[in-house]
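Remarks on the structure that follows.
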Amino acid sequence: MAPVETPEKPYDGKPAAEARSYWRWQKEDFFPEPSFASWAAYRAALAATPARFRDRFAGRSTDADELGALRRRSENEMRRCLTWWDLTWFGFGSVIGAGIFVLTGQEAHDHAGPAIVLSYVASGLSAMLSVFCYTEFAVEIPVAGGSFAYLRVELGDVAAFIAAANLILESIIGTAAVARSWTSYLASLINKPASALRIQTSLAEGYNELDPIAVVVIAVTATLAILSAKGTSRVNWVASAVHVLVIAFVIVAGFLHAKTSNLTPFMPHGVPGVFRAAAIVYFAYGGFDNIATMAEETKNPSRDIPLGLLGSMSVITAIYCVMALVLSMMQPYTAIDRNAAYSVAFSNVGMRWAQYVVALGALKGMTTVLLVGALGQARYTTHIARSHIIPPVFALVHPRTGTPVHATVLIAVASACIGLFSSLDVLSSLLSVSTLFIFMMMATALLVRRYYVRGVTSRTHATRLVVLLAVVIGSSAGIAAYWGAAPERWVGYTVLVPAWAAGTLGIQILVPAARAPKVWGVPLVPWLPSLSIATNLFLMGSLGTQAFVRFGVCTAIMLLYYVLVGLHATYDVAHGACCGDVDEEVYADAAHVEDAKAAAPVAATADVERAGAKI
């Protein structure tokens with residue numbers, strides 16, 4: 001039986017600092033923590049890095065802290081104005097457009113051939129497993145931070161930072177990739193080559209086509225997201241409804257011109273090509289996590305989020321598979337255009353006028369992807385800023401619009417800079433690594449949430465959980481590596497697959513459940529989350545080496561930022577040295593809250609003084 005948790009008083013949404021202007025740009029608004037008060041304080045903080053890293057590695061937040069203390073740092077509340085209807089159409093708007101109209105042609109031509117439909121089936125099943133995990137967390141912890149907040153509660157600050165860095169990277173790159181594709185389809189709409197509207201330069205290949213139109217599109221959608229969440233929902237609903245009609249036309253008209261002979265050869269690059277394509281087109285499903293970030297603005301999260309997330313993603317998966325099949329049957333895979341696949345396909349079968357319908361629908365779809373993305377990504381960024389991993393000025397919610405203006409502008413400006421230079425194939429593989437990595441961490445966090453509760457789970461059971469999770473993750477990574485090294489061999493799977501199954505069964509039998517979901521929960525735990533870990537790692541292993549090199553470089557830069565900035569900011573906040581509050585994670589076992597509040601600044605000051613003595 002799950003332990004009974006004492007309900008905490010949620011944040012009531014009242015402004016914390018009515019006298020201050022929203023538009024503030026002083027140093028203390030970006031770096032209010034004592035560690036950055038002076039160069040001497042910063043040197044002392046750097047000297048204390050090992051101790052602080054150990055502290056943050058072990059630190060955990062709580063559900064109540066994410067719902068209360070962190071939300072207060074935005075000073076104004078986001079308005080609860082969204083229903084399951086809004087979330088369902090946000091699901092359509094955030095997902096359909098980028099993947100099916102952009103990556104399908106690229107991956108069918110380069111890697112999967114007609115078997116691209118199987119790539120969508122594989123990535124869709126993996127995505128649905130992740131949707132289950134997100135839904136349970138979003139119902140239990142309905143805040144704007146999405147996976148960042150969930151990982152901060154279950155896996156700690158360091159894991160949450162890795163997620164935060166990848167979420168921001170995913171937001172920026174995803175927006176840039178879709179904006180550049182918007183330009184390609186606009187060119188198709190006016191009978192121009194895909195790159196005709198870009199400015200050719202002498203820069204390196206992949207960075208030599210400047211795209212000012214992508215910058216304008218990003219700016220317009222970000223502005224709409226800033227004005228109103230509910231208004232954005234209405235625009236999205238209308239645009240998505242039109243988009244659904246276009247999709248219906250593509251399916252019906254496409255099958256009328258389909259030839260089964262175009263499905264041969266079905267797997268020109270074999271099974272490895274199918275999974276390589278699956279790992280790339282997984283980008284098409286990535287938008288669903290934006291819905292989880294809107295939980296803070298949802299009227300009834302426990303009802304609306306499962307309906308919105310699971311309902312929209314089930315329909316979207318079916319649509320993707322059917323549309324991929326249509327494209328493969330309309331023409332040989334070698335003739336599929338990599339940039340505007342559907343428009344060119346209709347032109348090749350004699351329906352030249354249909355390419356305009358398809359191009360217009362694709363533009364609408366990618367516009368809603370950018371619109372919903374601007375909404376969801378800003379909310380990720382807001383909650384990350386609430387924890388002070390990035391400057392807290394980006395956590396502020398505008399008192400009139402009820403939207404995070406600063407966070408929206410931050411993502412939009414960064415995305416516009418990337419979108420101006422980088423091509424889609426450079427962006428998509430890096431984005432897929434980041435997305436799959438976060439989804440794998442989410443499945444791990446769900447297992448930790450179900451089987452570990454501080455103060456309830458014994459040390460023996462906690463140790464068993466860690467060991468068995470290591471077996472599940474290690475065997476899953478081994479399967480992915482073995483597939484990448486020798487996909488035609490099967491001997492290694494006779495060891496690795498049973499190891500994965502044994503680790504999962506061990507969790508079910510040897511570790512008692514410590515918590516049950518309050519409203520909605522993932523079924524068949526631990527099997528479905530464990531399968532999610534395996535599928536996400538397997539798809540990661542199907543990506544090329546270059547994607548991991550780029551991911552590794554980006555991760556190294558992110559960790560450098562954490563050691564120099566994020567670690568010290570979050571340490572000060574966790575120990576009550578700024579913001580005027582104490583995080584529950586630090587003093588969870590304190591006998592009296594007042595004693596904790598009194599002890600926190602003293603502990604933080606002593607830490608800096610000890611470090612200063614070592615310099």
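Quick reminder: no glycine exception, Cβ is built from N, Cα and C everywhere.
Whatever TrEMBL says is automated annotation, not expert-curated.
What you see is a predicted model, and the numbers here were worked out from it, not measured in a lab.
If you look up TrEMBL, you'll see 81-103 (among others) marked as transmembrane segment.
Under the heading transmembrane segment, TrEMBL lists 115-137 (among others). For the transmembrane segment (115-137), the residues of the chain that approach it from at least six positions outside its boundaries are 104, 107-108, 146-147, 150, 266-267, 273-275, 277-279, 281-282, 284-285, 288-289, 292, 305-306, 309-310, 313-314, 317, 320-321, 324-325, 327-328, 333, 439, 442-443, 445-446, 449, 517, 520-523, 528-529, 531-532, 535-536, 539, judged by C-beta separation under 8 angstroms.
Within its own chain, the transmembrane segment (158-179) has Cβ neighbours under 8 Å at 53, 56-57, 61, 97-98, 102, 146-149, 151-152, 211, 214-215, 217-218, 283, 286, 366, 369-370, 373-374, 377, 380-381, 384, 387, 389-390, 411-412, 414-416, 418-419, 422, 424, 427-428, 430-431, 434-435, 437-438, 441, 445, 554-555, 558, 561-562, 566, 570, counting only residues six or more beyond its boundaries. Feature annotation from TrEMBL assigns transmembrane segment to 158-179 (among others).
Annotation source TrEMBL lists transmembrane segment at 212-229 (among others). Within the same chain, residues 78-79, 81-82, 175-176, 179-180, 182-183, 186, 197-199, 235, 294, 297, 367, 370-371, 373-375, 378, 398, 401-403, 405, 408-409, 411-412, 415-416, 419-420 sit at least 6 positions outside the transmembrane segment (212-229) and bring their C-beta atoms closer than 8 Å to a C-beta of that stretch.
Residues 86, 89-90, 92-93, 96-97, 319, 322-323, 326-327, 329-330, 342, 345-346, 349-351, 354, 357-358, 360-362, 364-365, 367-368, 371-372 of the same chain sit 6 or more residues outside the transmembrane segment (236-258) yet have a Cβ under 8 Å from a Cβ within it. The transmembrane segment feature in TrEMBL is assigned to 236-258 (among others).
Among the features that TrEMBL reports, transmembrane segment is placed at 270-288 (among others). Sequence-distant contacts of the transmembrane segment (270-288) (same chain, six or more residues past either end, CB-CB distance under 8 Å): 91, 94-95, 98-100, 103-104, 106-108, 110-113, 115-116, 118-120, 122-124, 126-127, 130-131, 134, 170, 174, 177, 309, 312-313, 316-317, 320, 369, 372-373, 376, 428-429, 431-432, 435-436, 483, 487, 538-540, 542-544.
As annotated by TrEMBL, transmembrane segment applies to 309-333 (among others).
Here the transmembrane segment (405-424) has Cβ contacts under 8 Å with residues 22, 102, 106, 168, 171-173, 175-177, 179-181, 203, 206-207, 209-212, 214-215, 218-219, 222, 225-226, 339, 374, 377-379, 381-382, 385, 393-396, 398 of the same chain, all six or more residues outside its ends. Look at TrEMBL and you will find 405-424 (among others) tagged as transmembrane segment.
Taken from TrEMBL, the feature transmembrane segment covers 430-453 (among others).
Look at TrEMBL and you will find 465-484 (among others) tagged as transmembrane segment.
The annotation transmembrane segment is assigned in TrEMBL to 490-511 (among others).
Break the domain 'Cationic amino acid transporter C-terminal' (520-569) down by DSSP state and the numbers are 40 helix, 0 strand, 10 coil. Summarising the annotation, TrEMBL assigns domain 'Cationic amino acid transporter C-terminal' to 520-569.
Proximity of distant same-chain residues to the transmembrane segment (547-565), defined by a Cβ-Cβ separation under 8 Å and at least 6 residues beyond the stretch ends, is recorded for 46, 49, 53, 158, 161-162, 165-166, 169, 389, 429-430, 432-434, 437. If you look up TrEMBL, you'll see 547-565 (among others) marked as transmembrane segment.
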Same-chain residues at least 6 beyond the ends of the transmembrane segment (309-333) whose Cβ lies under 8 Å from its Cβ atoms: 84, 87-92, 95-96, 99-100, 104-105, 108-109, 112-114, 116-117, 119-121, 124, 127-128, 131-132, 134-135, 138, 247, 250-251, 254-255, 257-260, 262-263, 268, 284-285, 288, 291-292, 341-342, 345-346, 348-349
